[in-house]
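The following features are taken from TrEMBL:
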TRANSMEM  A:68-91  transmembrane segment
TRANSMEM  A:98-120  transmembrane segment
TRANSMEM  A:140-160  transmembrane segment
TRANSMEM  A:172-195  transmembrane segment
TRANSMEM  A:228-247  transmembrane segment
TRANSMEM  A:253-272  transmembrane segment
TRANSMEM  A:284-307  transmembrane segment
Amino acid sequence: MGEPMPLWGVLLLPIGLLLLGYGAAAWSAMLTARAGGAPASAAASAPARETARLLVEQRRTIPGADTVLWRLGGAAVPVAAILSVLVLPVAGRSAADLSVGVVWFNAMEVLIWVAVWTVGWGADSVWGLVGAYRFLVQGLAYALPHMFALTTAALGAGSLRVSDIVQAQEGVWFAALMPVAFGVYLLSAMAMAYWGPFDQAVARDLAGGAGAELAGVDRLVFRAGRYLMLTAAAAMAVPLFLGGGAGPLLPEWTWTVLKAAAVLALLVWLGHRLPTVRMDRFTEVGWVVLIPATLLQALVVAIFALVV
Amino acid sequence: MVQAVVFAICAAASVAAGIAVFRVDSMARATLALLASFVLAAITLLLLDLSYLGVLVILMMTMEMMIMIVFMVMYMMNPAGLMPMTMVHNNRGALAISIGVFAVLAAGIFIVPWPDTRPGTPADPTLQLAEAIMGSKMLVMMVVGMVLFATMVATTVLSTDRGRYDRYGDDLRRSRPDDPIRGGAGR
């Protein structure tokens, strides 16, 4: 149980998340530019230019829309991402080192379900609605393997407190001790941010799916929220599986940021490399392959924890 | 003092959200109002230092409401759900039942002999609560759990229109099942 984070640290946390999220967006834009044969370096500022464009663009109003839910849903995406990293330890301190930190992270990240469904529903658009339902199906596919992966990390440390999980990795990182759980966590991190192979909820075949009707600042908040969620999930992989801030020479917080950035870069790159997976196919993989695999991993870790 | 204020706000807001469930005219709003009510109730659990239970209620209720909304919209007479609808039926009967239930629960508050000596919060209230509820009744709980699970499986088996003979052929000899939607595991 570490000391509480100073107030400036708590204020800095969302800013750091935003900076990393911008890096993810820029890296994604660079990958797109390179695939299209354009110079990648110019694409680094693409998210900033897109942000400026969206800020001056008119918000869309739709006659039949449930505007309250529509706007609330979009705003809930970044809020869920920021709330979920409150338990993230940086340099041994987190904004709230809850005794049930892992469950808190899980609960906040599930708010994404509400957010995406509400955005899709509220717009009174068939594309949005189909995208919203797609995300719920995908949620059912990834949620259980994801929870078992989180449980396995907690099991390895014998605690739901994130700082205890970091401490338990002083000898060997959980990524090495429980590779299946780590792999499933990375998969579900992409799925919860509807990123990469799991982006059918906002796919191009639905003209943008859940976010189809968003324009202007609403679209900006929704898209930024998605990058924040991906960043939050990547950052939580560091205390859960990658030994937290442990590393030579550099100070602890640098290692946390470096590792989070590395995981994030990997996830963004994977999202560009892998073809989109239909969520009905992924559901069978999730339930027939990933759940038994994560349960077996949990069993192995439980026996290991008993013996060692 | 802070605790009492937070509790009062959460209790009042939770009831207000509960009332909103029956006042709004769209299924989506009703479901989200119900979710808000549950989350506010969960915060009162957090006030009791039952952090695991409180956060778990938020987690489970969020997922549960999002699954529920799919079915609620699906089974509604007006499938779009955005058109005006109402959650209230049998107004008089419902009113009588709800006033009766409220009276019984409120009476319970005054009749139950609450312990008023304060031995201080136990080190792990969640553990204490679990032992109080489950300690001597673990066997019953486990049997109930198995019965619930068996019910779920049986309901699914009874309600599906495609059984193993449809999938694997009349002699169950087909090596790959014949499914209308192929799954990702190649079956």
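Heads up, the Cβ atoms here are built off N, Cα and C, so glycines get one too.
A:140-160 is the stretch from A:98-120, A:140-160, A:172-195, A:228-247, A:253-272 with the greatest number of Cβ pairs below 8 Å to the transmembrane segment (A:284-307). Within the chain, the transmembrane segment (A:140-160) has long-range Cβ neighbours (under 8 A, six or more residues past its boundaries) at 99-103, 105-106, 110, 167-169, 174, 177-178, 181-182, 184-185, 187-188, 191-192, 198, 240-241, 279, 282-283, 285-287, 290-291, 293-295, 297-298, 301-302, 304-305. When each of A:98-120, A:172-195, A:228-247 is checked for Cβ pairs under 8 Å to the transmembrane segment (A:253-272), A:228-247 comes out on top. Each of A:68-91, A:172-195, A:228-247 was scored by its Cβ pairs under 8 Å to the transmembrane segment (A:98-120), and the highest score goes to A:68-91.
Within the chain carrying the transmembrane segment (A:68-91), a Cβ under 8 angstroms from the stretch's Cβ atoms is held by residues 2, 5, 9, 13-14, 16-17, 97-98, 101-102, 104-105, 108-109, 111-112, 114-123, 162-163, 166, 214, 218, 221-222, 224-226, 228-229, 231-232, 235-236, 238-239, 244-245, 251-253, 256-257, all 6 or more beyond its ends.
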